[in-house]
Amino acid sequence: MSKSTAEIRQAFLDFFHSKGHQVVASSSLVPHNDPTLLFTNAGMNQFKDVFLGLDKRNYSRATTSQRCVRAGGKHNDLENVGYTARHHTFFEMLGNFSFGDYFKHDAIQFAWELLTSEKWFALPKERLWVTVYESDDEAYEIWEKEVGIPRERIIRIGDNKGAPYASDNFWQMGDTGPCGPCTEIFYDHGDHIWGGPPGSPEEDGDRYIEIWNIVFMQFNRQADGTMEPLPKPSVDTGMGLERIAAVLQHVNSNYDIDLFRTLIQAVAKVTGATDLSNKSLRVIADHIRSCAFLIADGVMPANENRGYVLRRIIRRAVRHGNMLGAKETFFYKLVGPLIDVMGSAGEDLKRQQAQVEQVLKTEEEQFARTLERGLALLDEELAKLSGDTLDGETAFRLYDTYGFPVDLTADVCRERNIKVDEAGFEAAMEEQRRRAREASGFGADYNAMIRVDSASEFKGYDHLELNGKVTALFVDGKAVDAINAGQEAVVVLDQTPFYAESGGQVGDKGELKGANFSFAVEDTQKYGQAIGHIGKLAAGSLKVGDAVQADVDEARRARIRLNHSATHLMHAALRQVLGTHVSQKGSLVNDKVLRFDFSHNEAMKPEEIRAVEDLVNTQIRRNLPIETNIMDLEAAKAKGAMALFGEKYDERVRVLSMGDFSTELCGGTHASRTGDIGLFRIISESGTAAGVRRIEAVTGEGAIATVHADSDRLSEVAHLLKGDSNNLADKVRSVLERTRQLEKELQQLKEQAAAQESANLSSKAIDVNGVKLLVSELSGVEPKMLRTMVDDLKNQLGSTIIVLATVVEGKVSLIAGVSKDVTDRVKAGELIGMVAQQVGGKGGGRPDMAQAGGTDAAALPAALASVKGWVSAKLQ
């Protein structure tokens, strides 16, 4: 009996655990502090800083089953999903990693044992082929002489992509940074399936399928292309869970494994589809995985960056549901079946199920309102099409008006063998191109990053003043031995009381000083295991090895501590008031304000905001002790400690508790007791994205200052209204009612004046070929009154053409009216367009009524004078 996908995942982790590897949980799909990535797309992403030497772990061997997304940016599989056997937007990457521990020999032997041992995957050895980089003789000999694979099944792959080291078998993190040769393992499905071995002309067939890639990181590529050997070579491997499941379950398509069969049946059930071979079922089954896990990891549908990619995937899935005949919202209903089929890998998703379902449902409802109209427009355009290419302007209009991503339009067109002019689409979408570049233009030169071999010891929990030693200096990212007065630099110490920005809390400010120098610290940041003090040398000189006294700005740190502790109280209060679906999506804690982003699908009601404020202030008055404990990450989670969004944690974590009210993982600085906070006030609540709200609040002296400011404003208003705070609301209501009455009377007077003006104007009309023509510029008339005047004049004059204009604050307003019996010869829209063009504007409207605006008031007299000639020509 073949193993289930869940059993295969667990077997992989168990095997490497038995080989001394630390089992590490999957990291977020949103890369932590990595500007080079749109989404986590490989198992090694969470270990990138370890491979770069910027981070150290308490283990040298690791194994993971990493959730990955490839849709957008460099790795974009979206358009192929559902149409091939192995493309996905979401997949799990099984991997084992060595950080300067074992290398080629053990990595190859581990892979062979797992794949072929009867105890593990028991694949037939004769079905396995391998590739190595052309010059990697070491790997070749291990496969041939130690593993025993015949030479004919070991294939050398050279530089097959047009440049040195540009090869399927040479892995590179980027243009610079760690890289090295790799060996890939392929499974031969048999000669009943078309395809040839890797490196052959038929290699794109489905007979030989890559199942495992083992990368040997042994070089550091410099900007000039030279390869420097790494002091500690490492190993990074990746095996797609879905691919190995297909092999072990004896099926040729990933969509035929147990996990996808279950999801496809769930999709069919919620959409009413009966043909289980329909490709739309595969598309939706894939897309629910990426969408659900992206939302669970904090990504929300939006019009830029990661949120835009998510929106594209959701809308593609909804469109395929529409094709299957779904009559109502369906996509969110697949979250439950997904959680069931993911097993232990779906635990994070299960905790946020309600929030994920709500976001998907809201997005689908919004798109459903325009989908039908958009598809109808596309059908119209395709019906008129004479060639085989849809123009880019139409594709852009679908995007701009109906929210159709161009790949969705391309999807529809592909089903009818029609191409989309994507170049034309891009040309018509300049602003969106800017957004797309922001979304996918992630890139960095790893060798330009500050690298510090030493670590800094943070002692700021207990000290605000400390003596330390300079271990490194950096100017413009480059290490230097000394700096002089006036230079900006990053100073690294062996130990420091300065807190480096992390977990939403800003870095400390302060001073590093000695007998002959003073360095003003404006910010503090982490660089791997080192803490960098960023600032400017105000006086003297400073060199590596110097002793310094590090003084944190104590008053600023105190305010930050209060705000950070209040953030924890507010998080717990929000979950009590709004529900346990609330989870942190981002935060900023500085010395002036605390800002907290959280998952919630609607604006908070005033009474909810008040309830949160009251609950937090109640905990402040309780004067709860704020305590910290260091424990294992899993033990902390079992205790119910909440983790911060987007934060990366070590195996040992700091757990912060505030009595029985709040327990969170946090490395920040905090008050000693909740009573130290003094007072908490919410100053704003707003939305930042679909399903994400933001609260800004103040504490302590800052909160008291807002109370005083509110009181001062109230007193000022009371003084202006000649009342006091006790009857202020009644006074305001009285003033508003009086204002409304006066505005009504004023409007009546304006209408009377306009009617009188219309009566006066009618006598100025002239006859042009039997039609009354009236053209006039009016002074002191509001633009919105022009329409009423035109209606009155049309009633008075009969067969008529009218053009009225007024100038307010330098802006021209125009209106044209044409009686219906004349519209076959003169159209108001054409007439107003002719006049508007002369005053720097444009406009339009119906044949009988049109409006326009302009910016060139000086040109108005000449423009109005041109009307008679234009009308005369039309009426001949």
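Every residue, even glycine, has its Cβ placed from backbone N, Cα and C.
Since we're looking at a predicted model, the values are computed, not measured.
What Swiss-Prot lists as N6-acetyllysine is K74. Per Swiss-Prot, Zn(2+) binding site is recorded for H564, H568, C666, H670.
Here the features listed in Swiss-Prot are painted onto the structure.
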residue : record              : Cβ within 10 Å
H564    : Zn(2+) binding site : 25
H568    : Zn(2+) binding site : 26
C666    : Zn(2+) binding site : 27
H670    : Zn(2+) binding site : 25
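Cβ proximity to the Zn(2+) site centre (mean Cβ of H564, H568, C666, H670, cutoff 8 Å) flags the following additional same-chain residues: Q505, S565, T567, I626, L656, E664, G668, T669. Mapped onto three states, the DSSP output places H670 (Zn(2+) binding site) in coil.
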